[in-house]
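The annotation domain 'ABC transmembrane type-1' is assigned in Swiss-Prot to 69-258. Taken from Swiss-Prot, the feature transmembrane segment applies to 10-30, 73-93, 108-128, 186-206, 238-258, supported by sequence analysis.
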Amino acid sequence: MHKIFSKNNLIFFVFGAFIFVMIVLQFFVSSENATKVNLSQTFEPISWLHLLGTDDYGRDLFTRIIIGARSTLFVTVLTLIAIVVIGVTLGLFAGYKKGWIERLVLRFIDVGLSIPEFIIMIALASFFQPSLWNLVISITVIKWMNYTRLTRSIVNSEMNKPYIKMAQLFHVPIRTILIRHLTPKIIPAIIVLMVVDFGKIILYISSLSFIGLGAQPPTPEWGAMLQQGRDFISSHPIMLIAPASVIAITILIFNLTGDALRDRLLKQRGEYNESH
């Protein structure tokens, strides 16, 4: 048991260090260098001046990856915020109000989750002009369902507990019950799901950009860089390997962090149940 939580603490440290490094590096690179074309320096090899070399337009690859992190992570955070707001709100009302609202939401979720997520995202993104902002809409439309289902499940388990019954008996406003009493109960589980989904959403954004439905040139974004590097996989593989490696490492870190948070949450719930 001690080894498990020691491992989890190490994961949390790596996660924090990764976020810290990504933030600090933003201050050492210029966004202008990520988009400025310099045809006299195309395909420069790896050096102290260009840590990962340059691309076919003479742009520094390391700079583009760091600036691309800003685009990818910002859109991911924005998407998660939209997903959580919609999903948790619907889940709270569906779990509390019951009746036709709950049935309608559940039937919609059953239909939505019966279709592969990525297929729906591609279909939705195809209706819009390719951009990162449209990816936010396309991903949010399908991903909120998991949060609604999780929230409703937790609310259902809390509804028969004495503190909720007492609040209803004393005619406490529904808004107060939802915000002050039920919302704190769902926050830990929602945070775990958010961290796990963070890696998934990065993968979705990168994949949609890779097939031309997301970020467009010259915007530095990891998926768009993969698409660009695909054409030079034989002659200059670093253009493909660099963004692919960053995507893989980022997803791995967030997935491991999500697993560690889930372990800690389950441990806390176990201790709570034993004490009650």
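Cβ from N, Cα, C; glycine included.
Since the structure is predicted, the reported quantities are computational estimates derived from the model, not experimental observations.
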**Request:** Sort out the residues at least 6 away from either end of the transmembrane segment (238-258), same chain, that have Cβ-Cβ distances under 8 Å to it, and list them.
**Result:** 11-12, 14-15, 18, 46, 52-53, 55-56, 61-62, 65, 68-69, 192-193, 195-196, 198-200, 202-203, 206, 222-223, 225-226, 228-230, 232
**Item:** Closest-packing stretch to the transmembrane segment (108-128), where packing means Cβ pairs under 8 Å, from 10-30, 73-93, 186-206
**Value:** 186-206
